[in-house]
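Worksheet: one structure, shown below.
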Amino acid sequence: MESGNYSQVTEFILLGFSADPSVQLLLFQIFLILYVITAAGNLLLIVAVRYDHRLHNSMYIFLANLSFLDICFTSITVPNMLVNFLREKKRISYAGCLIQVYGFLLLGETECILLAFMAYDRYVAISNPLRYNVIMKTTVCVRMIGASWLTGGIISSVDLYFLYQLTYCGFTTIDHFFCEAPSLMRLSCNDLSLLDAVKLIGSSILLLIPLLCILYSYSHIILAVLKIRSRRYKAFSTCISHLIIVILFYGSAIIMYMKPEDSDHLSDKLLAVFYTSITPMMNPIVYSLRNKEVQGAIQNLGRSVMKYRSHSLFPM
C-alpha cells in the first residue's frame, strides 16, 4: 500500500440522507431527540449505579461501563451529523474522518468483548450463586473491563494503521452520514486484498469469538435454570435484558459485516442509524424496564434531587 494520502486529501464531503432542506430539518429534530434521550438515559443509569450502594456489584459495574460506551459511541457520529444537517456543504476534515473511524472501531470492538464478559458474569451468578461475590469481585470486574478496552484499542489501532495507508486519487465524496471504514475503502484506489484480509481476521476475532463465548455461557445458564425446581423465571429474568442487548448489537453488527460490498447505500445508512442511535438508546430502557433494582435506584435518585431542589428553593 502507498502512504502519504494526507497530502492528497484534506477533507471529505458527506452526502448524508437528503439534499432537501425541509427533510434535513426534520431529520435534525428527530436525531437531536434520539441523541438527548440516549445521552440522558445512559447518564442516568451511570449516576444511579454510582450513588446507590445496592448496585455496587459486578453486574451493575459492567452495566455502567456499557452505558458509558453507548454515550461515547453515539457521540462519535451524531453531533457531527446534526451540524451537517444545518450546513449546505457537509464537510469533514481528513483528520476528523480518521478520528471518527478510530473512535467508532474502538468503541464497537470494546463493546463486543464487554458483552461476552457480561454473559460470563450472568453465568457465574446463576450457576454458582454462593461463590458469585468471591469469583466476580470488583477487582476482577475492573480487570475484565480494562481487558475489553485494551483489546479493542489494539485491534482498532491496527485497523487505523492500514486505513491511513489508503490513497484516494481525488475521490472525496462519501455516500454516508459519517465516516466508517467500508466507506473509505470504497473510495480508495489501492489494492485492498491485504486490508480485506485484516478486516476478515479482525471481524472474526471481535465478532465470532465473543459471540461463541456468549452462546457457551447462555447454554450453561439455560441448563442451570432447567435444574431449578422453582423460581425458574426469576433466575433467568436477570439475563433477559442482557440477551436483548446482545441480539440488538450483534444482529446489526453481523448484518453490517456480512452484507455484500455493493449493497444499496440507503440500506447501509438505515442500518447505521440502528446501531449508532437506536441500540445505544435501548440499553437503559431495556435494563430499566426489566430490573426492579435499577428502577428503585432511579426513583431514589429522583427523590434525592427533588429534596435537594426543595431545600435550595425554600431554605430553613
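Even glycines carry a Cβ here, placed using N, Cα and C.
TrEMBL entries are annotated by machine, without manual review.
Per-residue pLDDT, averaged over the domain 'G-protein coupled receptors family 1 profile' (41-287), rounds to 85. What TrEMBL lists as domain 'G-protein coupled receptors family 1 profile' is 41-287.
Residues or ranges marked as transmembrane segment by TrEMBL: 26-48 (among others).
Annotation comment: TrEMBL describes 60-79 (among others) as transmembrane segment. Long-range contacts of the transmembrane segment (60-79) within the same chain: residues 31, 34-35, 38-39, 42-43, 45-46, 49-50, 100, 103-104, 107-108, 110-111, 114-115, 117-118, 121, 138, 141-142, 144-145, 177-178, 245, 272, 276-277, 279-281, 283-284, 287, 293-294, each at least 6 residues beyond the stretch ends and with a Cβ under 8 Å from a Cβ of the stretch.
The transmembrane segment annotation in TrEMBL covers 99-120 (among others).
Annotation source TrEMBL lists transmembrane segment at 140-164 (among others).
The feature transmembrane segment is assigned by TrEMBL to 200-226 (among others). Sequence-distant contacts of the transmembrane segment (200-226), counting only residues of its own chain at least 6 positions beyond either end whose CB sits under 8 Å from a CB of the stretch, comprise 108-109, 112-113, 115-116, 119-120, 122-123, 126-127, 152, 155, 158-159, 232, 235-236, 239, 243, 246, 250, 253-254, 257.
Positions annotated as transmembrane segment by TrEMBL: 238-258 (among others).
Below 8 angstroms of C-beta separation, residues 31, 34-35, 37-38, 41-42, 44-45, 63, 66-67, 70-71, 73-74, 76-78, 176-178, 180, 241, 244-245, 248-249, 252-253, 255-256, 259, 295, 298 of the same chain, each at least six residues beyond the ends of the transmembrane segment (270-289), sit close to that stretch. Positions annotated as transmembrane segment by TrEMBL: 270-289 (among others).
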State the residues, same chain only, that lie 6 or more residues beyond the ends of the transmembrane segment (238-258) and have a CB under 8 A from a CB inside it; answer 'none' if no residue qualifies.
59, 66, 108, 111-112, 115, 118-119, 122, 125-126, 203, 207, 211, 214, 218, 221, 271-272, 274-275, 278-279, 282-283, 286-287, 290-291
